Structure formats: structure tokens, C-alpha cells
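Enquirer: Shown below is the structure under consideration.
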């Protein structure tokens with residue numbers, strides 16, 4: 001049957017493209033802001049990256065490039081009829097729809113690994129040299145992700161013999177491994193969602209060890225870094241949608257839901273993985289807005305204004321490091337405890353105590369790293 005005029009970008013096609021291209025636009029804006037404010041290694045710490053760029057930024061650029069490739073190939077599939085019922089499409093369009101859809105899915109599966117590695121690299125950078133044993137857990141999460149996704153890609157291409165039958169269902173041959181591939185897909189999706197939940201919860205473990213930080217500040221930072229929970233929910237929906245493409249006749253229509261969640265999970269990891277990195281930018285932006293409206297003029301006069309040194313301190317992320325414990329004598333401060341604590345909270349640091357007494361420090365100290 002000849003395709004109807006609505007076959008191209010018809011059916012559920014506009015829904016797929018509208019949702020995923022909107023997600024892509026938001027991710028692109030955050031990546032640009034990340035390139036401007038949080039891409040270069042701190043001075044004197046070039047070993048924490050490559051060619052002067054931070055490792056988490058290098059990984060996120062690679063992930064964004066692959067994600068954009070997956071987005072474009074899925075758009076091509078939608079052009080040929082993805083989201084339409086097969087009886088509205090020509091045989092040639094069905095083949096091309098399935099081919100570009102599988103290409104997009106494979107690229108997205110690779111990208112999910114790279115995007116999570118970018119999140120892991122960021123967590124390792126703020127963790128620095130503390131809890132050195134726990135960083136191996138992060139390495140393990142990345143390794144498991146790479147392994148299961150690699151197995152899934154192999155099974156995708158091996159589920160039909162010849163491989164071309166995967167997208168050209170009328171070719172002579174067999175597809176004996178569809179059920180196995182689907183089961184591994186459930187495992188892969190479950191591990192991916194669990195990884196997103198773990199990476200969102202891991203900062204709670206880091207921040208919870210900072211006993212001098214106020215509870216409200218801890219909660220704020222944990223919420224800021226916990227956006228990965230939303231990516232995990234998208235991963236659950238993607239895993240559930242795998243069942244919708246098992247042994248169906250109308251594949252070009254049935255698969256639209258799975259493909260939408262695949263791209264959504266991919267973009268959500270990039271989006272919610274970039275927001276914590278941009279914390280200094282959002283803090284400075286908020287302060288500049290207050291400054292423009294005159295809201296914080298009094299506070300600036302009390303805290304010394306927005307001098308270059310002060311702004312540089314505010315544009316930093318927490319980096320923890322282990323140092324020998326010792327003692328120090330706290331000097332009198334001209335600021336109140338509330339202002340002092342607030343300033344450290346803006347900088348992502350633990351507030352120090354003031355007064356005329358000797359204090360024994362923990363093994364964990366705070367060092368500010370400029371982004």
C-alpha cells in the first residue's frame with residue numbers, strides 16, 4: 001500500500017520529536033553554560049583532566065555528541081514513518097523506519113554509558129582524595145554499565161539471522177534470540193535505573209560526613225545533586241516499554257513509546273548531571289539579580305562587597321581531602337555567625353566556628369576548587 005500524505009512525521013511522530021528535541025535544547029543550553037563556567041581544570045591541577053579540560057566535561061561533551069547523533073537518527077526514522085501504523089507505510093518506508101530506529105537505539109545505549117561516566121567523573125572530582133576506597137564503587141558502577149550495555153548491543157545484532165532481517169522482516173531467515181535479547185534488555189534497563197538512583201544518592205553519603213555543615217545546607221546540596229532520581233524513573237519507564245515490542249506485528253507504531261523513553265533517559269542524565277556542576281553559576285546569577293534590584297546592597301556592605309576575590313570564592317565547588325588532624329586557635333570575627341555560615345554555604349564549604357577557644361579538627365578538611 002502506498003503511504004498516506006501523513007506518513008512522514010505522522011501518527012505519534014510529532015510527539016516523539018516534540019518531547020525529545022525540547023529535552024535536547026535544554027541539555028544544549030546547560031552544556032554551553034558548563035563550557036563557559038565549569039570546563040577548565042583548576043590552576044595547578046592540570047593532572048585532573050586532559051588538555052586543560054576537566055574529565056567530567058570531556059566525558060559530557062562526548063556523551064552530548066553521541067546523544068545528538070541518536071536524536072538525529074531517530075528523527076530520520078520518524079521521517080520514514082516511526083510512530084505510524086504499518087498499514088499506512090510502504091514496504092520501503094517500513095524497512096527504513098526500522099533500520100534508523102535500531103541505529104538510534106544502539107547509539108543511545110552507548111551514550112547511556114558515557115553520560116553516566118561523566119556523572120561519575122564529577123563525583124570523583126568533588127570527592128578528591130577522601131574516601132579513596134569508596135571511589136572504587138563508582139568505578140564498579142561504570143564498569144558494570146559498560147559490560148551489560150555492550151552485551152545488549154551484541155545481542156541486538158545477533159537476535160536475527162541474517163542481521164538484516166532485524167529491520168527487513170520479510171527477508172528469509174530466523175529471529176531465534178528475540179526473547180533472550182528482551183530479557184537482557186530488562187536486566188540492562190534495571191541496572192541502568194539502579195545506577196541512576198545510586199549516583200543520585202551517593203552525594204548524600206559524601207555530604208553526610210561533613211559534620212560541621214548545617215542540616216539545611218546539606219539538604220539543599222543533596223536535592224541539587226539528586227536530580228538523577230528523575231533519570232532513574234525515566235529508565236524504569238523505558239524498561240517497562242520493552243515489553244511493548246516483543247512479538248508484535250505493528251512494530252513501527254508499537255516501538256514509539258520505547259524510543260521516546262530511550263531518548264528521554266539519555267537527555268535526563270545529561271540535564272540533571274549538569275545542574276550540580278553549574279551551582280556556582282546559578283549562585284552568581286542570583287546574586288547579580290539581587291544586586292541589580294538593590295536587594296542585597298546592605299549585605300554586600302557588611303560582607304565586603306563583590307570583590308574579585310570574594311566572587312572567585314563563591315564560584316567554587318566543594319573538594320574534600322584528607323589531611324593530618326591538628327589544632328587551631330579561632331580568632332574573633334567581625335561578622336555574625338549567621339552571615340559567616342551563609343557565606344560558606346554559598347561557597348559550598350563547611351562553616352567554621354568562631355570564638356576564643358581551641359578546637360580539634362576532623363581528618364576531613366575542605367579545600368575550595370574553582371570551576
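Backbone N, Cα and C define each Cβ position, glycine as well.
So TrEMBL says this about it:
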- 296-305: compositional bias 'Polar residues' (COMPBIAS)
- 52-283: domain 'Rhodopsin' (DOMAIN)
- 296-316: region 'Disordered' (REGION)
- 15-35: transmembrane segment (TRANSMEM)
- 56-82: transmembrane segment (TRANSMEM)
- 102-124: transmembrane segment (TRANSMEM)
- 136-157: transmembrane segment (TRANSMEM)
- 186-207: transmembrane segment (TRANSMEM)
- 219-246: transmembrane segment (TRANSMEM)
- 266-282: transmembrane segment (TRANSMEM)
Enquirer: Quick one: average pLDDT across the domain 'Rhodopsin' (52-283), no decimals.
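Expert: Looking only at the domain 'Rhodopsin' (52-283), pLDDT averages out to 88.
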Enquirer: Counting only residues 6 or more past its boundaries, what in the same chain has a CB within less than 8 Å of a CB in the transmembrane segment (136-157)?
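Expert: Residues packing against the transmembrane segment (136-157) from afar: 102, 105-106, 109-110, 112-113, 116-117, 120, 123-124, 163, 166, 177, 180-181, 184-185, 187-188, 191-192, 195, 198-199, 202.
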